[in-house]
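TrEMBL annotations:
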- 1-340: domain 'Major facilitator superfamily (MFS) profile' (DOMAIN)
- 7-27: transmembrane segment (TRANSMEM)
- 33-63: transmembrane segment (TRANSMEM)
- 70-91: transmembrane segment (TRANSMEM)
- 103-123: transmembrane segment (TRANSMEM)
- 144-170: transmembrane segment (TRANSMEM)
- 176-199: transmembrane segment (TRANSMEM)
- 211-233: transmembrane segment (TRANSMEM)
- 239-265: transmembrane segment (TRANSMEM)
- 277-296: transmembrane segment (TRANSMEM)
- 316-335: transmembrane segment (TRANSMEM)
- 343-364: region 'Disordered' (REGION)
- 343-352: compositional bias 'Low complexity' (COMPBIAS)
Amino acid sequence: LTHIGAKFMFVAGMFISGCVTILFGMLDKVPSGPVFISLCFLVRAMDAVGFAAAMTASFSILAKAFPNNIATVLGSLEIFTGLGLVLGPPLGGFLYQSFGYEVPFIVVGCIVLVLVPVNVCLLPKYDSTPSKESFWKLILLPKVLLLCLTIFSLSACLGFLDPTMSLFILKKFRLPAGYVGLVFLGLALSYSLSSPLLGLLSDKLPYLRKWFLVSGGLMTALCFFMLGPAPVLHIESQLWMFVLVLVLIGFSIGMSAIPVFPEILHCAYENGFEEGLSLLGLVSGLFNAMWSLGAFAGPTLGGFLNEKLGFEWASAIQGVWALLTGLATGIFYITEATRRSSSSSLQNSSGNNEERTHLMSSET
């Protein structure tokens, strides 16, 4: 990012994503079989590269432009993430039903490509010098490693819902297929609406971040135990309770996800990393890498568990990810606070001893 520039990386990533999205619409012209499957993997991989470039650069640009309000800005932008999650499926379904397979991809791809020259004109160019700090030095910091596990578990929990939840809703509550998307609204809306407030609180009251991370992880775990609910609870699943739990999941994931980025930055500064776009690129790349890794592991493991054990047990097992990270984060912060308290008390006692020695020498 520091070698080619954050603006160029962002614009290039958008251009690649736009072009590849249009290519998606052409895949139905390819003969079925190994060629079709191979091209699907290739196009998806290209799209991932473009997406990673755009997301990594966008996080870095935002953190550089608003250094004192990172969580607030990221939380505000999650409104539009939620808006995309809410509007994407119904609009895509309408275009698919009305015009066929190609049109939804072509429309979305063209929208992205139109935004490329807009961003070329509007975005400022940020100059930076490459830093000597390494990616591995950052990720091997104990606190950063723990926050990476938090990102991974949250993304895995969200990804778990993609291949499993709609099947469970159709089977358990026997809703018409058109109403399944409305159930998803609870999670998307609660996440997107609560994120700005959580971001504002994280910036104005930084000491709340640790409480958000711990309570968000534990609350997410509890919600996934209640989503089925887990058979050991002996609670009958009902639609109103299912929607309520989804709303709480959206809020709890926001509690854990929003403070992570500024917490990693703060930890890097405490450990001597140089402030600048180079560090922001490292943190942004790390955040998106862990999120994407969870987005792969969640549906893969979740689909397997759902097939073997059923949705109730699968969601409970998925909640263990969040439970472990919430407990580990809480233990880490308690240990850190205890260590700092003991070190400060030692410094105070040594300072008092020096004062006594000085006073005694002056008296003699």
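Every residue gets a Cβ built from N, Cα and C, even glycine.
Scored by C-beta pairs under 8 angstroms, the transmembrane segment (33-63) has its highest count with 7-27, from the stretches 7-27, 103-123, 144-170. Highlighted: of the candidate stretches 103-123, 144-170, 176-199, 103-123 has the greatest count of Cβ pairs under 8 Å to the transmembrane segment (7-27). A contact links the transmembrane segment (277-296) to the transmembrane segment (144-170), because at least 3 Cβ pairs that are 6 or more residues apart lie under 8 A. Counting only same-chain residues 6+ beyond the ends of the transmembrane segment (70-91), those with a CB under 8 A from a CB of the stretch are 59, 62-63, 104, 181, 184-185, 188-189, 191-193, 195-200, 202-203, 209, 254, 258-259, 261-262, 265.
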